[in-house]
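S.K.: So TrEMBL lists these for the protein:
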- B:105-320: domain 'ABC transmembrane type-1' (DOMAIN)
- B:12-34: transmembrane segment (TRANSMEM)
- B:109-134: transmembrane segment (TRANSMEM)
- B:155-173: transmembrane segment (TRANSMEM)
- B:193-213: transmembrane segment (TRANSMEM)
- B:251-277: transmembrane segment (TRANSMEM)
- B:297-323: transmembrane segment (TRANSMEM)
Amino acid sequence: MTKTPTSPTFAMSRRALLLASGAGLAAGILPFGPLKAQQSGTLAMCVTPEPNAMCAAFNTASPVTVVSGKMLEGLLNYDFNVSPTPALATAWEVAADGLSITFSLREGVMWHDGQPFTSADVQYTIMEILKQHHPRGRSTLASVTAVETPDDHTAILRLSQPAPALMYALAGWESPMLPKHVYEGTDVLQNPANNAPVGTGPFVFQTWERGSHIIMTANQNYWGEGEPKLERLVVRIITDPSARAAALDAGELHLAGDGPIPVNQVQRFMDSADFQVDTRGTEMNNSLDMIHTNLRNEHLAKLEVRQALMHAMNREAMLGVVYYGLAEMLTGPIPETLPNFYTADVPSYDYDPARANALLDAAGYARGADGMRFSLRLIAPTVGDTYERMGQFLKQNFRDVGVDLELISADIPTFIRSVFGEYDYDLTLYPGSVTADPTIGSQRFWWSKAASQGTPFVNSTGYESAEMDQILEDASVEPDPEARRALFVRFQQLAMTDLPILPVARPIYVTIAAANVVNFVPGPDGIRAPYGSLAFTG
Amino acid sequence: MKPIRRRFPWAFLAKRVAYGALAMLAIAIINFFLLKLAPGDAAEALAGQAGTADPAYIAQLRAQFGLDQPLLSQLWAFLVRLATLDLGYSYVFNERVSVLIFSRMPATLMLMGAAIVIAVIGGIVFGVTAARYANRWPDRVISFVALLLYGTPPYWIGLMMILIFAVTLGWTPTSGMENVLAFNTGWDRVADIAHHLILPALAQSIFYLAIYIRLVRAGMLEVLSLDFIRVARAKGISERRLSYRHALRNAVLPLVTVVGTNVGNFLGGAVLTETVFSWPGVGRLMFDAMFQRDLNLLLSILVLSSFFVILANLIVDLLYAVINPTVELK
């Protein structure tokens, strides 16, 4: 990850040489001694569903971030421990009081159109684009009051209060740096560059045939030594999971991520010598399947009922039946993939139907003539088939303790309107990302002040705890890592005591590549990585 | 005998165009309200994809999409855009609506065109054969297979075809419209696209084929029992010529009607096939537009689709008169 910065003069001469070698090729002469490692090969990967735009600054939908992250870069990259590594920033320093962050920017970096990348671009992007138009920029960058640019290669973020989580939100696919000279003075939302990015990344946008594919070519002026390795990167849009599996089988697709194929086929790919299956690459995202209760429901308002539901779930069987083994069952709201925050020291709820029955009896719910005590509705969005299986599984588990579960599946806008717009649900199950920092990803579900009717993916349960609010607010501005960890340990314990949300599992979304592909999961962001090092072997 | 000379039916045409315009207006308005009934809007759908969003961002999206306006002014704005043939800009897909639709049109036209041609030819050949051998084994086999195809979900047929012909046998590509890794140009590209077209066109045609066979068979059986066929047969005309030249022309009207409907529905008729084969057509765009609640885009496609249905019906009516001169256009 750490690259020696290229000086501007060298970059210029290298560009001139490349132009010269290009002319030599055109004249039918072999290029002389390549200064840049030879790029070779065209790799086909796929995203799902089709991205709506090519630039993640305005739309952070998963497929957009995948594509955008190849062309646009951020200030930082991350390693598998989710620690920052250099990208457009080569060094950074958080002030002792946590009120400013100084970034030293890489020198000699050029935008795809040949203009130099400078601190003015950083200032413009953060203040004018990300803070105004990024779907979550307003909250992650809330405490940034100004970006100072003492020289072309230094950017200082001034903060109104310490923001320890900010350092985890600066990857290229999350907070891409945009060229000021392309965006300034335009209607940024309709800027043509949103569909044809001008970035600094290893790949340059070439074409986007809607419904079919996106083609990117190697950035000849990329700052990374010997990168990119590929000549071209083609992103195909294949909508059906079984069709994706078939395309991989037929060799028409070299790489697919984010759990691209039906889970019951993953084992076959794992066993095949023609493919590699990597279970890493979600450490930055940490999407969790959790059951959010609606505490406005008279039954669910009782803690015993929520505890009973926890005891009624057979999570060990669920791992096999629902997830085909591709999940890590949760002990609390933070997964083990975040060792800096995770603790196992929380109240636990083993599978124990007898205990669940006893709790429900004690809560005053006698079984009716049909053996049921009361019924609940579970609404889940129709994304993949996991939630359908999960619904069926839970229906059986809950029936054993006399709770009748009615399953409702809805498309995403319907689901959002019901759960977050109208609070018209009893239980809901959907993926929610902790991201790399619980302040960014977890706080919104447990913090009472995050609740805002009509806003998706925030606290919908109606949970309000002054103690919880205090812990989360303290953690969001605590600059000392140890003290911050202690706060999040208390968060996990309280979350598992009060149980407004029933944590279930962290599904493992696999990345599948042909046997001759290397570096396809180079970091914790999986297929969102810039992919400068992605290559074919041999 | 002198051929019947007819004046071009201008009055008929004018009346039908006027009715068509009214129908399109009604379709636009009804669909507008129907789609508004779907829970959730484009801002929520986009925010849903983004994973997180703050209230100000959603409000900003709504203002951008015009969703903060009263319902009737949204409808009026849409109708004005339609009347001026300016379909507007899709903020959901970051592109002009007309560009979105028309760039996907050739793919769908190609798929549906090929599928319907295959189905019509197959429908006529198998339908006539079944009728000629009514209640004998060729008829039994054809009718049974047709019934089976009719009852099988097209997407399942598509997936099976991919598994057999693309994955196992390797005769065709699994999906997509062209080999995007080959960068073909000129005739190579045409051949490549045709190669990719085979499976989806067959999968799409199978559903129509099943219906067409049954239609042609039933029509043929009815006509073959008529007196003029007996006369023709008495004159010693060969059975094949009798079937295709004399009977088919009279038996084919119901088929023309149904084919006309299928042709008119081409925009949205191939959603499943397009999805299974990742074919970049309008059907998938429509599907995406629905799931993302891009109502302007969806309505534009629906109105355009109604235009094609009306156009196809008109052409079918005109064709009736050509195929069977006794049909009068009023």
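The backbone N, Cα and C atoms fix where each Cβ goes, and this holds for glycine too.
Predicted automatically and left uncurated, TrEMBL annotations should be read as such.
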S.K.: Could you check if the transmembrane segment (B:297-323) is in contact with the transmembrane segment (B:12-34), meaning 3+ Cβ pairs under 8 Å among residue pairs at least 6 apart in sequence?
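M.R.: These two segments touch.
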S.K.: Six or more residues beyond either end and a Cβ under 8 Å away: which residues meet both conditions relative to the transmembrane segment (B:193-213)?
M.R.: 110-112, 114-116, 118-120, 122-124, 126-127, 130, 142-143, 146-147, 149-150, 152, 154, 157-158, 161-162, 165-166, 172-173, 176-179, 255, 258-259, 262, 270, 273-274, 276-277, 279
S.K.: What stretch of B:12-34, B:109-134, B:251-277 shows the most Cβ pairs under 8 Å to the transmembrane segment (B:155-173)?
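M.R.: Stretch with maximum Cβ contacts: B:251-277.
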S.K.: In the same chain, who gets a Cβ under 8 Å from the transmembrane segment (B:109-134) while lying at least 6 residues past its ends?
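M.R.: Contacts with the transmembrane segment (B:109-134): 142-143, 146, 193, 197, 200-202, 204-206, 208-209, 211-217, 219-221, 224, 239, 243-244, 247-248, 252, 255, 259, 262-263, 266, 269-270, 273-274, 279, 281.
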S.K.: By Cβ distance under 8 Å, which residues at least 6 away from the ends of the transmembrane segment (B:251-277) in the same chain are close to it?
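M.R.: Distal contacts: 107-109, 111-113, 115-116, 120, 123-124, 153-155, 158-159, 162, 175-176, 199-200, 203-204, 208, 211-212, 215-216, 218-220, 222-223, 283-284, 286-287, 301, 304-305, 308-313, 315-316, 319-320, 323-324.
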